[in-house]
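Here's the structure we're looking at; comments come further down.
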Amino acid sequence: MTNQVNSSDAISSSDSTDIAIPRAGRFWLVLIFEIPSVICSIFILYHFLACRSLRRALYNHVFIAIVLINLIVELTDVPWTLKFYQSSTVRSVAHSLCIAWVYANEGLYITITLLVAWATVERHILIFHNQWITTKKQIILIHVLPLVIILVYGFGYNFIMIVFPPCQNTFDYTQIRCGDPLCIYGSQVASLWDVIIHDLTPAIIIIFFSLALLVRVVRKKRSMHRPMHWHKHRKMTIQLLSISLLYLIIYIPFLLLEFIHSCGVSEEFGADFVLYGNFFACFGNLLLPFVCAGSLPELVKKIRPTVPCWRCQGRISPLESYSMAQTTGRKVIRLPVIVKQ
């Protein structure tokens with residue numbers, strides 16, 4: 001999810017060493033998050049696909065796609081970025097690598113963004129209009145088809161625009177991602193399409209439908225007075241809002257700046273923010289698996305025994321535990337008291 005401000009060609013081509021963090025520091029900072037993030041992504045996908053209940057749940061399908069595509073970014077864009085921080089240049093088969101690097105960064109980011117936007121809409125259907133997806137035909141039309149369309153569009157559109165553009169890309173092998181050489185954005189129509197369809201519209205959808213979902217769930221829960229009935233819906237809401245919040249915190253400032261530039265404000269405005277933002281934006285990819293795992297109680301239960309600080313909490317010590325008597329009428333119930341070690 002490492003988006004760049006496409007309208008800021010001059011700024012995007014600036015050397016990322018302009019930021020105060022040295023390349024060695026950036027290398028280790030990203031690497032520290034990269035390794036556990038990849039492990040967490042594989043763990044999530046394994047349990048999503050291995051557990052039948054998680055795999056069959058409709059509300060998990062879009063997030064399986066998001067985590068899978070994000071893992072591809074973590075295995076391509078992030079390692080290539082780390083390599084660049086080490087060597088300060090793009091080596092090997094430079095032209096092919098530049099194409100693949102830009103596609104992994106730009107194309108996969110757009111696909112993930114569209115999937116997150118669709119997830120915010122689909123949650124309303126799954127929670128409040130589940131009668132729309134009771135038959136196999138309805139599931140295909142309302143659930144499967146939109147997901148397939150987004151994936152085909154995301155991969156196909158960017159493959160054409162990046163790999164086979166109607167113009168000539170100019171690569172700079174001394175800059176990160178070869179200088180983001182997308183000549184297609186020199187076209188006003190293509191640039192406007194990218195801003196509206198890939199940036200502004202998904203952002204508006206995510207903000208509006210996420211807030212609307214939160215309000216509707218709270219109001220419905222109060223009116224139903226049945227918290228247990230809404231346990232699954234609360235879980236789906238937390239899962240969506242966690243990822244939406246991560247997206248909005250990291251990428252909304254980019255979109256606001258891009259909108260300001262499109263209104264005629266000089267691209268020098270916010271230039272420093274772009275330089276720092278282009279670096280820290282990669283943490284959207286690195287943090288996504290942890291946010292996704294933390295929003296799923298089933299995964300938290302599986303992870304908890306493997307984490308020492310969680311495993312020791314709430315452990316009953318056979319030497320230090322004791323019983324207390326609780327009298328209820330004529331019955332005496334002895335309850336074990338948990339003593340934390």
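The chain as shown is numbered from 1 upward.
Heads up, the Cβ atoms here are built off N, Cα and C, so glycines get one too.
Sequence annotations record features per position, and here TrEMBL assigns transmembrane segment to 27-50 (among others).
Residues or ranges marked as domain 'G-protein coupled receptors family 1 profile' by TrEMBL: 40-292.
Sequence annotations record features per position, and here TrEMBL assigns transmembrane segment to 57-73 (among others).
Marked as transmembrane segment by TrEMBL: 93-118 (among others).
Residues or ranges marked as transmembrane segment in TrEMBL: 139-164 (among others).
The transmembrane segment annotation in TrEMBL covers 200-218 (among others).
Here TrEMBL flags 238-261 (among others) as transmembrane segment. Residues of the same chain lying 6 or more positions beyond the ends of the transmembrane segment (238-261) and with a Cβ under 8 Å from any Cβ of it are 1, 3, 5-8, 59, 63, 66, 113, 116, 119-120, 123, 195, 199-200, 203, 206-207, 210, 213-214, 267, 269-270, 273-274, 277, 280-281, 283-284, 287-288, 291-292, 294-296.
Marked as transmembrane segment by TrEMBL: 273-296 (among others).
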Looking only at the recorded stretches 27-50, 57-73, 139-164, which one has the largest tally of CB-CB distances under 8 Å to the transmembrane segment (273-296)? 27-50
Out of 57-73, 139-164, 200-218, which stretch touches the transmembrane segment (93-118) the most, going by CB pairs under 8 Å? 139-164
Counting only residues at least 6 beyond its ends, the same-chain positions whose CB falls under 8 A of a CB in the transmembrane segment (200-218) are 113-114, 116-117, 120-121, 123-124, 127-128, 230, 233-234, 237, 240-241, 244-245, 247-248, 251-252, 255, 259
